[in-house]
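Take a look at the structure set out below.
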Number of protein chains: 2
Amino acid sequence: MSEPDKKEITPEEAPENGKGIRNSGNTSETGNRKTKGSIHRLLLLSVGAFQDFDLAAVYVSDAQYNRNIFFDTTPQAIRLYLLYNHWGFQILVYAFILVDLALAIFEDPAVVPLPIWVTSVIELVCLAAFTARLVHYAKVIPRERFWKDPKNICIFAIILLSLVDMIIYGALKASGFYAVRWSRVLRPLLLVNITEGRQLRRAFRSIRNALPQILYVFLLFMFSVLMFSLMALKLFGKRGLKTIEGRPYFTNYLEIVFDLYVLVTTANSPDIMMPAYNFSVYFAVFFITYILINTYIFMSVFLAVVYNNYKKYLKEEVRKLVRAKRHKMVRAFGVLQERKGEEEPVVSQACWNQLVRLVQPDISNAHRELLWSVSDDNNKGCIGKVAFVQLADLLNIQVIMMKSRPHPLKTWLPSLYLSSPSRLVCRMVQHKAFMYTYDLIILVNAVFIGLDEEDPLIANVEWAFLVLYLLEILLKLYSFEPRAFFSRHQFWNCDLSLILDIVFILRILRLIRVVDNIKRFRAIINTLIKIGPTILTFGQLIVVVYYIFAMVGMELFKGKIRFFEANSTDPDKAFCGNALLKNSVFAKHNYCKNNFNNIVSSFILLLELTVVNQCGFTAVTHISARMFFVLFHIVVVIIIINIFIAFVLEAFFVEYTVDQSNLQSSLEKKIEELELGVKQEKLDGNLVDAMETNDNDMGNSESTKEKPALMFKIACKRYKTVDGLLQRMFEADLDPENFADDEDFDPNNPSNLNFPNPNFDSV
Amino acid sequence: MSEPDKKEITPEEAPENGKGIRNSGNTSETGNRKTKGSIHRLLLLSVGAFQDFDLAAVYVSDAQYNRNIFFDTTPQAIRLYLLYNHWGFQILVYAFILVDLALAIFEDPAVVPLPIWVTSVIELVCLAAFTARLVHYAKVIPRERFWKDPKNICIFAIILLSLVDMIIYGALKASGFYAVRWSRVLRPLLLVNITEGRQLRRAFRSIRNALPQILYVFLLFMFSVLMFSLMALKLFGKRGLKTIEGRPYFTNYLEIVFDLYVLVTTANSPDIMMPAYNFSVYFAVFFITYILINTYIFMSVFLAVVYNNYKKYLKEEVRKLVRAKRHKMVRAFGVLQERKGEEEPVVSQACWNQLVRLVQPDISNAHRELLWSVSDDNNKGCIGKVAFVQLADLLNIQVIMMKSRPHPLKTWLPSLYLSSPSRLVCRMVQHKAFMYTYDLIILVNAVFIGLDEEDPLIANVEWAFLVLYLLEILLKLYSFEPRAFFSRHQFWNCDLSLILDIVFILRILRLIRVVDNIKRFRAIINTLIKIGPTILTFGQLIVVVYYIFAMVGMELFKGKIRFFEANSTDPDKAFCGNALLKNSVFAKHNYCKNNFNNIVSSFILLLELTVVNQCGFTAVTHISARMFFVLFHIVVVIIIINIFIAFVLEAFFVEYTVDQSNLQSSLEKKIEELELGVKQEKLDGNLVDAMETNDNDMGNSESTKEKPALMFKIACKRYKTVDGLLQRMFEADLDPENFADDEDFDPNNPSNLNFPNPNFDSV
């Protein structure tokens, strides 16, 4: 352990340090405290207790969001650390990174050209912001640790290199030389190396760890491609065949290798086969064997190997993560614990309450009490270590609280609202048939949308539909408590139909509601929504890789191909402004806009390359530029896309096989016990529907039994953070009760905690 | 249970029926027999004992190969049943099916036209053969069962419909009308419905069972495509854009749906996007979103759903299979068992020996004794039910027996062969460096192969290499026992390098040997070889589906596109003989040979469609023919290819996680115990290498310890049958010792045993 870390309260020291300073929130507990050494502790009480609560709250919050930062435990450092974790700063950092990355739009080759001094000033501002953030971080953690962490060194190097590059570039440009802004390639690495980029770093680490295994398969695959190329050379080389473009067919070994590699991506099928096939049917056997072995079998093996290894390393990381989380919770427990006689140390409810209030200020009292009753299952008034450690996960379970209140109209105009016609309307709207009617209306509307809009009749019908939809909204507002309809933003996370009710103005999207009403579809859609946050991580991964390839591609290929507007009369238009493309398929297909002339078209082109490795424009430059495309295919298609597929597979398997985590079940059981549950059977269908039914039971006096005014429901099994889903995936392999393995877990070994900070996806 | 089944000896009846009729092989056991009712049984002894052994042998053999046929247990029926299972008949049936399927080559539209009467006569012969096989089957099993089995009805219907179709076709042709041989579509169904097509039936059943789940995702996917099409219509329809072929862009809803469906297969990317992208960069967002959602996410979800469901149902089938196998072994046990006092019934070694000799006549005595010592672990001389039931699986483990014998030269010319120069040669050849030298030679050779062959120098060098290779073979023959080198055909199943040593004449293939020598690669290659037999099942599946689509496709599209030889001067050549294709991309790319004009080009075209759904020639016929291509894509790409990928994934996961089955381990342990094992550490590398080393130890008198003359080794963890691999995959979920669940297993419920007979893959 490095020197400054000694300041931290380890679980072993904690009992001495934190025993007496309990209950600043609830004085009734003081009687139980031991009096040994109380004078010394009373001196500390006024200042120390608050500081201790702060420290415990930071530990819990870190555990909740899986931050792994070894901050100093001095009060100032904690305050700085809290500031560092403030969401405002985190958003600001991402904003600056976004601006820095977006500079590529304005820099040469630019979409919107700006003078160099403008982009340079903006970049300097960004770099200053990153430096400030880095300095802030350095103040929070011990100095030795700061320089041991590769990501800090990385950011420092990126800032430094960018400055150097800017100076060199400015100087060269000023003196009229050719210059390359090579440091732009480094920009996306900021996304990876900031403290908030934990998910992204984990993804990169998993990829790096899986690489050796992938490499073996890749070598075997390349061997197969090389062998087939050799056979192709021997089979076709001397037959004097011509490609459709009139070039000799399969005569150059390296070109064959490239062509056959592209065949694996199926991009040039069947063109590459046609000359041989036209010559003799038997030659088709060669290509069929090739496709079978390399496209189908090897690509499946890639998926298998990537999947298996990625999963293996990810599991290991999640295991470490869970241990680190437990460790932090044990520390927090150590700060707050008190001993009653010879019993195990415990944390009292008052103490726990204050902690939770500090960690999550916006939590309601009812919700907090529910969590406490889950932790303190036997109503002892205090909880032990095992129950305390659950807190971080409990706070991550989204619980929906519903206050049932009467409809405002019932309060304001009870005679009118409770009259029989009004009740009839309410009952009508709450009936299933009402929903089905509107589903039908939407479907009919869909047909009209598909029809020709020019017809004035259809345009008028469109208005009629709009009136119908407005009527639906009004009727629902009349029947149901409006706040239940609008203000439950927690529902949005989980229930698509409510969002869609609001964005109904987009007529076409309304169609999704019909699908959403069907239970089977809803299960699939829910799974897709659940993996949403993780797809964001993959999105960042893709952006990092695309950005780097775009930067390199722009330097290699910019200006080689030009796009001419449709009404242009330039004779160069026929061959995209490059004579090398005369009569090429590329020009004939009018692909001229697929170029590297600016960052936007680069990104679109790279996406096309991801879909089909179409690389006709290697013709415009040296043949070795093909390496660029092969490399891109290996990195993006073979590795990243396969990992993405593996992730979707795993997420779906988890959905199919497991239902809820243990903690969720116990929370739900408690809700049931306390009879605070929203009726489950009604929630199986449409959530809005269920909500409506419940509100209806409240609103109408006919309801046989008075329900409690407050009801809870666990928000659909979604995960607030990516970590939640990951932890869920590997829960079967993680023993939640096993604290024994924490003993051999050394938090001071940096390799054990090589994953820092909060995650972007949960923001 | 149907009436004739009562003749079968169920495990419950067996003790009475089969108690006294033991030991026709070994009379020393008779003393243990109970004398109760022995007079009656002695009368049965001469005939009954042989019959009982026959019956038990049939049960064991059925269990070994997972046949599930409810044959009559009368002696004649058993004899007929043995004949029915004779490999000659099975091969004959497959030969006739092959001939029947191959008729498509000679029938109109033909590759090699033959007169109708010739193909008709051949088809009649085939149909007669199928009828004979069906009648044979009907004689073997009870009549009621025969007509209850859908596959018999299926074959009967296929034969009948084929006859009807032939008559109608002949009559119509004779009277000059247009006629379609529609019954040809039914032909591949024979492959599925013959008793031997068990694997194929299982694959189809698994697909059928997974269909509902796939359907839900597919509907959601189609909904997404339809929605995007609607958006595309609204976004692009009124902008007056033109495609590269000059047609209006995105104006007809159904065409948009088709185009966007094809975009999912990435076949028309980026062409379909270009007009919109050329108009405005922002429209690219639409296509990017579409590809992300439909190509990446939905296709992954398809894989997840197909994988999950296929695995689920396959596991259920394998579970049933294992139970049926156990049930059959229990029946065999019931026939052979004898009681010693009040103890559990047992089977004596003599009895067991005779049974094994009947089941597997080619098994060596040593091998049989090894198996017995595994079953009778405590040397009691008899085994109980649990040990007896293992027999079927034990027989399926491939054990390699190696007799170590001295080199023939050592016997004939001992003085020469044991002289020091000779020994030096032997030791040199056996050294690792010898192998590495030849690896290097092969690599150098590879470079020469890649060089220009015209050069006379290189052609001569080629001869030098050939001499070097011959020298290698001769040296190896000199150093190692030749029979060890050539006659161990069991090794071929497992060891690629030995085959390759023999097929070395194919120079390029020799390169594979270098790769094979590297351990990491070998692991991957071995896994690929292991899944080989199952790929055969997929091959049959693909043939069935392709054949049906080819038949329909030929009726729909034959003659629409014509192929002209390269030297043809026909003006129609520019548009493939169809004016509709004038100026089309299809004709420009010279795809004319991609047509449905005969069965061979149909198959090749369907393969191209599997790789990329390229369907330019819907232009030549009605637009609704596109349904044909969409349907093909759904069946082949979405379902079958995904199942194939799922299978490869699962097989690799099994390889990565598990090593050997319990039974294999216990067999290996026994081999170790008896000190009959081939040294394991030496076998880790190259098997040939290990064999060589061992033979060397034998051949040279220096070997410190005299090894036994006979050695065993479990042939690499390969599975003799597809079932073996499947059983292995789900072994963790199958409890091998649990006989309790056999109680609720009703063998008389046909749904429990809906999977018949031996499998093709193991032939």
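Yeah, the Cβs are placed from backbone N, Cα and C, and that goes for glycine too.
What TrEMBL annotates here:
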| type | residues | note |
| --- | --- | --- |
| COMPBIAS | A:1-10 | compositional bias 'Basic and acidic residues' |
| REGION | A:1-34 | region 'Disordered' |
| TRANSMEM | A:87-106 | transmembrane segment |
| DOMAIN | A:89-313 | domain 'Ion transport' |
| TRANSMEM | A:112-132 | transmembrane segment |
| TRANSMEM | A:153-172 | transmembrane segment |
| TRANSMEM | A:214-237 | transmembrane segment |
| TRANSMEM | A:249-267 | transmembrane segment |
| TRANSMEM | A:279-307 | transmembrane segment |
| TRANSMEM | A:433-451 | transmembrane segment |
| DOMAIN | A:434-653 | domain 'Ion transport' |
| TRANSMEM | A:457-475 | transmembrane segment |
| TRANSMEM | A:535-557 | transmembrane segment |
| TRANSMEM | A:628-654 | transmembrane segment |
| COMPBIAS | A:737-746 | compositional bias 'Acidic residues' |
| REGION | A:737-763 | region 'Disordered' |
| COMPBIAS | A:747-763 | compositional bias 'Low complexity' |
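Distant neighbours of the transmembrane segment (A:214-237): 249-251, 253, 256-257, 260-261, 264, 275-276, 283, 286, 290, 293-294, 298, 301-302, 305-306, 309, 634, 638-639; these residues of the same chain sit at least 6 beyond its ends, with a Cβ under 8 Å from one of its Cβ atoms. The transmembrane segment (A:535-557) makes no contact with the transmembrane segment (A:249-267), as judged by fewer than three Cβ pairs under 8 Å among residues 6 or more apart in sequence. Mean predicted confidence for the domain 'Ion transport' (A:89-313): the pLDDT average there is 87.
Beyond its flanks by at least six residues, the transmembrane segment (A:87-106) meets 112-114, 118-119, 122-123, 125-127, 129-130, 133, 136, 184, 187-188, 190-191, 194, 196, 543, 547, 550-551, 598-600, 758, 760, 763 of its own chain at Cβ-Cβ distances under 8 Å.
Beyond the ends of the transmembrane segment (A:628-654), by six or more residues, the same chain brings 203, 206-207, 214, 218, 258, 261, 265, 302-303, 306-307, 310-311, 527, 530-531, 534, 538, 541-542, 545, 549, 552-553, 556, 606, 609-610, 613, 615, 618, 725, 728-729 to within a C-beta distance below 8 angstroms of the stretch.
Outside the transmembrane segment (A:153-172), and at least 6 residues removed from its termini, the chain residues within Cβ reach (under 8 Å) are 116, 120, 123-124, 127, 130-131, 134, 147, 178-183, 186-187, 189-190, 192-194. Beyond the transmembrane segment (A:249-267), the same-chain residues lying 6 or more positions past its ends with a Cβ under 8 Å from any Cβ of the stretch are 225-226, 228-230, 232-233, 235-237, 239, 241-243, 275-276, 287, 290-291, 294-295, 298-299, 612-615, 623, 626, 630, 633, 637.
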